[in-house]
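As given in TrEMBL:
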BINDING   C144, C147, C201, C204  Zn(2+) 1 binding site
BINDING   C161, C164, C187, C190  Zn(2+) 2 binding site
DOMAIN    5-69  domain 'J'
DOMAIN    131-213  domain 'CR-type'
REPEAT    144-151  repeat 'CXXCXGXG motif'
REPEAT    161-168  repeat 'CXXCXGXG motif'
REPEAT    187-194  repeat 'CXXCXGXG motif'
REPEAT    201-208  repeat 'CXXCXGXG motif'
ZN_FING   131-213  zinc finger
Amino acid sequence: MNNTEFYERLGVSKDASSDEIKKAYRKMSKKYHPDINKEAGAEQKYKDVQEAYETLSDSQKRAAYDQYGAAGAQGGFGGQGGFDGAGFGGFEDIFSSFFGGGGGMRNPNAPRQGDDLQYRVNLSFEEAVFGAEKEVTYNRESSCSTCNGSGAKPGTSPVTCGRCHGAGVINVDTQTPLGMMRRQVTCDVCHGTGKEIKEPCQTCHGTGHEKEVHKVSVKIPAGVETGQQIRLQGQGEAGTNGGPYGDLFVILNVLPSKQFERNGSTIYYTMNISFVQAALGANVDIPTVHGEVEMSIPAGTQTGKVFRLKGKGAPKLRGAGQGDQHVTINVVTPTKLNDQQKEALEAFAAASGESISRPKKKGFFDKMKDVIEDI
C-alpha cells in the first residue's frame, strides 16, 4: 500500500486540512454506511473509509503514515539497522499507540458538537453604516424529526454492540519486529459508534440526521465592514449522540456606493464645484449618509482641498463614537462658453494682466478648403 491510498479513500489531497478530512469522512461514511447502501462491496468500502479516517484524523498517526505508509501508522517498522524512533515521537508514543493509551480513540458514545457552517450576506452601503436585520435561508443537517437523532425506528432503541461492548474499538494482535503487539482498531460491527441499530429509522436510514432548509434572522450592527463575521451559536449542523448543534458564521460583504467611499468609520465624497465658486467662495449642499449638509467653501479654494464634516461618517463598532466625512473638492473647468461668458473672462484676464491668444475664426474660404481636404 502506498502512502496516498488513505487520502484517496476519502477523496482528498495529501495536504488536506483536518477539517477537510473530517468533512470528507462524514460524506464517504454516509455514502457507504451498511444501513443505507445495500450494494455489494459497500460494507468493505465503509470499513476502508473507517480505517483511513482513524489514521488521518490523528496527527501522530498521519505523520507516521505519510512517512512510512500503513505499516508506520499501525506500528510496524520496515527500516533496516537500528531504530531510534525518528518520525514517531519517541518510544512513549510508540507503545502508547500499541496499547491504546494515546492512539486518539475517543469515547464513541460521548456527545459531539455538529459542524460549523458559513453563509455570505451582501449589504448595501447604507445597511453597513446604520445596521440592518437580514433573514438568511440555507441547507443544513438537523436532528432527525422522526427518531429524534437516535437513528433507530420509533419505538426501538440502539443496543450496546455485542462485539466491542460499547467501546467502539476492539483489540487486534499484530506481529511486529518488537514481537506480538496489541493495538486498537475501530469495531467492524458498530463501526465505532459503540451501538447497534437493529431497526434503522426509515426517515434518516440510521444516521440520526436529515437535511432541512433552515431560516434564521441576523441582526447586523451599525458600522460593519466587508470580511467581518457574525457568529450565530447553535445554528450550524446537528451534533451526534445528543451533542449540541454547531455554529453559523455569517460573513459580511458590503456592496460599493455610487456616491461614497469608506475606510473604517470615515466616509469620503468628492464635490464638483465651478471655477467661479472656487474663486469667489460659495455655500454648497453636500450629500451625506445622514442627509444633505450645507458647507461653506472659502474664496480661492483649489482642486484637492479636503474639508471635514465632523460626525457625518459611519458609527464606530461597540459604541466607540461616530466617524467623520471627508469632502474633496474638484474644480470643474467649463468646456463650452457663450460669447458673453468669453468676453467676461477676457476682461478678467486683461484686468489680471494675463496674455491670452484666441484661435482665429475661419472664414468662408478656409471652411471650404477644409471640406475639400476631407473629400
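Glycine is no exception: its Cβ is also placed from the backbone N, Cα and C atoms.
Most Cβ pairs within less than 8 Å of the repeat 'CXXCXGXG motif' (187-194), among stretches 144-151, 161-168, 201-208, belong to 161-168. In this structure the alpha carbons, written CA, of C187 (Zn(2+) 2 binding site) and C204 (Zn(2+) 1 binding site) are 22 Å apart. You'll find the Cα of C164 (Zn(2+) 2 binding site) roughly 23 Å from the Cα of C201 (Zn(2+) 1 binding site).
For the repeat 'CXXCXGXG motif' (201-208), the DSSP-based tally of helix, strand and coil residues reads 0 helix, 0 strand, 8 coil. If you draw a 10 Å sphere around the CB of C144 (Zn(2+) 1 binding site), it holds 22 other CB atoms from the protein chains shown. Classification of C144 (Zn(2+) 1 binding site) by DSSP places it in coil, neither helical nor stranded.
All protein chains included, C164 (Zn(2+) 2 binding site) registers 23 other Cβ atoms within 10 Å of its own Cβ. Same-chain residues with CB within 8 A of the center of the C144, C147, C201, C204 CB atoms, the Zn(2+) 1 site residues themselves not counted, are S145, T146, N148, G149, S150, G151, A152, P200, Q202, T203, H205, G206, T207, G208, H209, E210. In this structure the C-alpha atoms belonging to C144 (Zn(2+) 1 binding site) and C190 (Zn(2+) 2 binding site) are separated by 20 Å. Cα of C190 (Zn(2+) 2 binding site) to Cα of C201 (Zn(2+) 1 binding site): a distance of 16 Å.
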